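Undergrad: According to TrEMBL:
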type	residues	note
REGION	29-49	region 'Disordered'
COMPBIAS	37-49	compositional bias 'Basic and acidic residues'
BINDING	His65, Leu67, Gly92, Glu113, Asp141, Asn156	S-adenosyl-L-methionine binding site
DOMAIN	72-241	domain 'Ribosomal RNA adenine methylase transferase N-terminal'
Amino acid sequence: MLRFPRSLSSSSFIPTQLTLSRSLRQLNARSSSRCHPKSDNDDNIHRREDNQGAPLHLYKSKGQHILTNPRVLDSIVRKSHIKPTDTVLEIGPGTGNLTLRLLQAARKVVAVEIDKRMVETLHKRVAEKGFEDQLTVICKDALKTKFPQFDLVVANIPYGISSPLVAKLVYGDKPFRSATLLLQKEFARRLLANPGDSEFNRLAVNVKLVADVEFVMDVSKRDFVPCPKVDSSVVIIRPKAEIPDVNLDEWSAFTRTCFGKKNKTLGATFKGKRKVLELLRLSRTTCSTESANNGDNYDCSNNTAADDDDEEVDSDEVDCYSSSCSETQMSVFKDKIIGVLKSGGFEAKRPSKLCNKELLHLLALFNQAGIYFHDQSKPRVRDADNIELAAAFSS
């Protein structure tokens, strides 16, 4: 039977589907490539005897990549500035390498893990260290479960849910101080992008409406088992103390329109016949509702509400509505749209180069002119922990 030296303690991760010998070769290769001596504090392979069954299998398709570099793990905890009184939310704890460090720094850790095998391993490792009273595990899908109260988020997020999960956090109803997240490097760059950057996108616009994003460090793919295809980055997201007073449904629909073709001029985007018809229908519906509420008589026959403000209007619906509108009506409304763009100096500008302050100003100009992007007649009651909210602001 193969015996480990005493320095290879059980305080580390559980081996994956790799064989024991292959795991050891990888571990040695990583140590050599980093050119630093191993210490007793390094995370190593958790011993599992042959008669205890096969190693825990990790699924790359589910984003199950265990971070094994102790220096990176320690740095993440240090950069998070955890207080002894804090409750930390960890999403996707895996086998607990980061969890054990969080438990040493915080009063309590709430871990959300969908894989029951991971939960079993996590409970066992935490119990061995005597932290079981500080840990609460929620075995559910993080996108579909309602989070309890927490002070901080510290997590190595599965790449596949990064976008909706970030949106769920920043637009959720649970106030928190900061979120330190390990993300795919490419996704982190999109999140950090500013107007004029090639990566600037709708996700960055919507996140930065309510939060500030700070780059912390890059993490090599060699620091994970199994090794992913890409490198990662750590960012810290801090919710803003004050956010703009804007209708979020309207903002979501507006940014979707603008960033559908982010490098196209706004004049070109809004001159299209289909876009003019879509906005005319939404704006008439909104005006009809406001007039009805005020007791006014307004003719809005054949106007129907959009099923979903965040989706493109169905082409058949637009064609049907087109038949009820005269060329004169469309021409007048189109001139109104272009007039708004010209009045603010936006006609020749591109969304990819506009900051949030400019986008908010443009939206306000449209609304003041009676032009709307969301069906105001049926305001949607949103659950801040619902995946639909996250998808609306992240796609």
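Heads up, residue numbers simply count up from 1 along the chain you see.
Just so you know, glycine gets a Cβ as well, placed from its N, Cα and C.
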Undergrad: In Å, how large is the greatest distance between any two Cα atoms among His65, Leu67, Gly92, Glu113, Asp141, Asn156, the listed binders of S-adenosyl-L-methionine?
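TA: So the maximum pairwise Cα distance among the S-adenosyl-L-methionine binders is 21 Å.
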Undergrad: Using a 10 Å radius around its CB, how many other CB atoms surround Leu67 (S-adenosyl-L-methionine binding site)?
TA: 20
Undergrad: Of Glu113, Asp141, the binding-site residues given in the record, which has the fewest other CB atoms within 10 A of its CB?
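TA: Result for the binding-site residues Glu113, Asp141: minimum number of other Cβ atoms within 10 Å at Asp141.
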